Amino acid sequence: MDYSEIMVRHGELSTKGKNRMRFINKLKNNIQDVLAPFPAITVRSDRDRTHVSLNGTDYQPIVEALKLVFGVQALSPVYKLEKSVPLLVTAVQDIMTSLYRDGLTFKIATKRSDHAFELDSRELNSLLGGAVFEVLPNIQAQMKHPDVTLKVEIRDEAAYISYEEIKGAGGLPVGTSGKGMLMLSGGIDSPVAGYLALKRGLDIEVVHFASPPYTSPGALAKAQNLTRRLTRFGGNIQFIEVPFTEIQEEIKNKAPEAYLMTLTRRFMMRITDAIREQRKGLVIVNGESLGQVASQTLESMQAINAVTSTPIIRPVVTMDKLEIIEMAQAIDTFDISIQPFEDCCTIFAPDRPKTNPKLGNAEKYEERFDIDGLVQRAVSGIVVTEITPEIVNDEVENLIDALL
């Protein structure tokens, strides 16, 4: 027998009361986005399950994709069949025969939500267990911790049989906690911050600053590839490329070297906040980790934050670098992040950046700039691209390989 579908059990969203169906529908949409590369798949949801019908598709890549989607508590490959006792008997016998090995223990666990069905749960357990003994007389039944628990569900629309339960990613469906702008440089930290924001249901749009010719097409492709990795956890992500060359040249020419990083980050924060307001986001997310680099001391954060009253979420702020690296490896972004392309935070980086910049000094140096004009021109020049889980071709990978 081949699996008919993957049955998805919902996570934290099961506690969301009146908003339950909104959460479930969002999870369904996210699953559809993530499974877009598999056109035969169909998805439907009810109040306590989402059903992913395979329609002949190999189940293993579908399971691997679903394991990453936030809002999924657990999933099981299942056999779906008509609610017929003879069909159930045959299916249970076939499944257990295929699983049998010497010394195997099992139990039947039946759940009946269709109370019009001819047998109750206890009767089904007895009947189906007896059917297994008919074809496997040496198998042993065991009620506590058996090797195989064969779950049989009798629901209104059909019967379902499964024996495997696979842990999901947990968390909340992406998009159920509002929208935020992720400042993604291309380094190790910001993709991890994005992953953790997605886990709490935040719908992120990626803001990436590009300064050609100082930053290369490879750096841009790298940031887009990192964004594509993040789509595996909740579906499509808008990638916003911000032209930043003019601003960085202005800062380089007019500001003291020690304040280059502080002023650069202040402009990035202003621009991200303007984009957030334009695109109706609620928060800004970044990959700052306290004390890791000069711009991430408390004094630096205070001087940079002063340009906005928008909440700033820093998911990795208390994590050690090794912890961040381990998480980056676990979510498969690390190998991309360490590709050697310059980004806007590393070009023009001073040898001795100010670790305790004074807000008053930063504001005084910024009097040399047309701040509103620079920000407005950057925001008006953004390029928005929708990044999807589906890779139509290997253009991004080929570009990066060619440039390395």
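First residue shown is number 1, and so on along the chain.
Quick reminder: no glycine exception, Cβ is built from N, Cα and C everywhere.
If you check Swiss-Prot, you get these features:
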DOMAIN    60-165  domain 'THUMP'
BINDING   MET183, LEU184, HIS208, PHE209, ARG265, GLY287, GLN296  ATP binding site
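Looking just at the domain 'THUMP' (60-165), the mean pLDDT is 96. Among the residues the record lists as binding ATP, namely MET183, LEU184, HIS208, PHE209, ARG265, GLY287, GLN296, the two farthest apart have Cα atoms separated by 19 Å. When Cβ atoms from all protein chains are considered, those within 10 Å of MET183 (ATP binding site) total 24, not counting its own. Reduced to three states, the DSSP call for PHE209 (ATP binding site) is strand. Just so you know, the Cβ of PHE209 (ATP binding site) picks up 27 other Cβ atoms within 10 Å once every protein chain is counted. Counting residues of the domain 'THUMP' (60-165) by DSSP class, helix then strand then coil, yields 37 helix, 31 strand, 38 coil.
Classification of GLY287 (ATP binding site) by DSSP places it in coil, neither helical nor stranded.
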